[in-house]
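Structure first, commentary second.
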Amino acid sequence: MARACSLGLLLLLLLLLRTVVTVSLPVIVVRLNKAALDYVSDIGKAPLQRALQVTISDFMDPSGEVLQSTRVQILDAHVPFFYLKFIAGFGVHLSAAANFTIKVFSVPEPMELVLPVDLLADVHVARDSIGTLVLSVPACSSIFSPAGMLDGSISTSQELLDRVQEHIKADLNNKLCLHVYGLVQDLNVHLGTLIGLSPVGPESQIRYSITSMPTITSNYISLDIGAILSLLGKPILLPMHGAHPFVLPWPLGDAGAMATVGLSQHLFDCALLMLQKAGSLNLEITGQLNSKNNPLNTSVLGQLIPEVAHLFPEPTPLVLKVQLGATPVVTLHTSNSTLQLQPLVEVFAAPSNLALQFLFSLDVMVNLDLQLSVSKAKLRGSTSLLGGFQLSVATSNVGSVDMDQVLTLISTVFQKPLLDHLNALLGMGVVLPRVHNLHYVHSEVLVREGYVVVSSGLAYQH
């Protein structure tokens, strides 16, 4: 599998994507550009060299009175040149130059020679029935150049050298391409990791799959990728807004980036719906009587609401239960993304050794600035407050509530816990489409009208 690692990025090429929308699936558009192929070419030399360490059959030397079996061994396979390019509508063309250092254990003395070989292969990229990518090699050839003798082997006759070369070429001609086929099959296994489940939270997962045949041009390869978000094994389904598929313009983002990933509004909507249904956005804030920084107690609240002071003459902690009954709304505008929450905040008194006593509840609206970033293979978020809280009384067991006075108290005790909770949750991130051990690096996130674009480099880590 080690030899599959680097060329596994070649798959990623396959794994990135323009998406044709299906009704219940969020869509992501990813493109791998020429820079990604250059990276694969660079890190792919080592695994290709290992794959070319093949065994050569013994050479039967007819020069004597009796045929002699002479061992032939590849000492080293060096790949100084490895190049990949896109073939529009097909896949990727591979060309590589390899220099084989070969030792022939002939009598009376062994000889060492260097045999240059050019490898050419066309790799076809397709989608299989389970929604992952599959590679095949319909065309492969080996082109041999004349071998050169290393110093110390100059006494070998030209006739013997010619016979040895013919034997080596005949033996390697099919073996080299067979090992290229094997390398590609290893990559297919690696590509299968694209469709595995990735956790989003303790009870939620995301699963990616390729939804259509890849689109390949001379500049990039793109795939249509669908995402299924699930909670407790059940998919989160949200109707698509409009019938038009998500299309990522070309060109877009950093022209020198290896990968360009487009994330649709629908993906964000489904992710937030899942978090809301899971209860992950809910929180509880408890006051501490001995804390100077937490005025969440009946003594402070009683100064604003007389009935609270009447019911609780002794200082009693307060508890805020925050529940999001409505799905959060993310809005994506050029260079700006916001998150709107509309939680219900229930205020309870928490007398010692007694059940919580409901006081009143508030409908809250809060607008947050949403900052997005990519770390390794995850899209992460952080929030900050935009303006203030908008509060209104939903129900009350303590009579009239003067919101002008309560607003300052609730905002003070509510803001930091809310932001801390959201930032911890969004900071966990959602895994972007990738194969195992492949990470996005040096990523730049741009917000456009109705979608997000990630321009990124790629790094394969063992």
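Each residue, glycine too, has its Cβ placed from N, Cα and C.
Per Swiss-Prot, the features are:
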- Cys140-Cys177: disulfide bond (DISULFID)
- Asn99: N-linked glycosylation site (CARBOHYD)
- Asn297: N-linked glycosylation site (CARBOHYD)
- Asn336: N-linked glycosylation site (CARBOHYD)
- Thr55: phosphothreonine (MOD_RES)
- Ser63: phosphoserine (MOD_RES)
- 1-22: signal peptide (SIGNAL)
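Positions of Swiss-Prot features highlighted on the structure.
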residue : record                      : DSSP (3 states)
Thr55   : phosphothreonine            : coil
Asn99   : N-linked glycosylation site : strand
Cys140  : disulfide bond              : strand
Cys177  : disulfide bond              : helix
Asn297  : N-linked glycosylation site : strand
Asn336  : N-linked glycosylation site : strand
Candidates Thr55, Asn99, Cys140, Cys177, Asn336, namely the recorded positions, that fall within 10 Å of Asn297 (N-linked glycosylation site) by Cα distance: none
Distance from Cys177 (disulfide bond) back to the residue listed as 'phosphothreonine', taken between C-alpha atoms, in Å: 13
Nonlocal residues around Cys140 (disulfide bond), in sequence order (Cβ under 8 Å, 6 or more apart): Leu119, Leu120, Ala121, Asp122, Cys177, Val180, Tyr181
For Thr55 (phosphothreonine), the number of other Cβ atoms found within 10 Å of its own Cβ: 9
Asn99 (N-linked glycosylation site) to Asn336 (N-linked glycosylation site) - Cα separation in whole Å: 54
